[in-house]
């Protein structure tokens with residue numbers, strides 16, 4: 001039951017962070033491209049890589065993995081919003097932005113997971 005509460009706590013923090021970061025990115029860059037979703041996916045991917053690496057090295061407890069890896073990062077990152085925003089760009093005829101959105105999210109998020117892992121593994 002403790003892990004369920006930790007996931008809920010982490011999820012509430014991640015959801016609020018996602019909301020605040022998305023609003024911030026709209027204020028900075030406007031709403032013509034989904035920069036907020038890209039930012040939270042990149043940040044979450046990097047942190048997920050780091051949490052995974054720490055878990056592999058047994059430096060974090062299962063409770064912390066539940067709090068951060070499942071709760072916080074699960075709520076912070078968002079594949080459904082990414083998919084919806086990409087579809088909206090396609091429906092508006094903005095093919096170049098839709099393709100850019102897919103390429104940036106997929107390639108950069110994969111790289112950020114790798115970078116997060118390497119940051120931790122290189123310090124061991």
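Cβ from N, Cα, C; glycine included.
As recorded in Swiss-Prot, the features of this protein are as follows:
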| type | residues | note |
| --- | --- | --- |
| TRANSMEM | 20-40 | transmembrane segment |
| TRANSMEM | 60-80 | transmembrane segment |
| BINDING | 74, 77 | Na(+) binding site |
| TRANSMEM | 102-122 | transmembrane segment |
Exercise. Going by DSSP, is residue 77 (Na(+) binding site) part of a helix, a strand, or coil?
Worked result: coil
For this session: Provide the number of Cβ atoms within 10 Å of the Cβ of residue 77 (Na(+) binding site), excluding the reference atom itself.
Result: 21
Problem set entry | Under 8 Å by Cβ from residue 74 (Na(+) binding site), same chain, sequence gap 6 or more | 7, 10, 11, 14
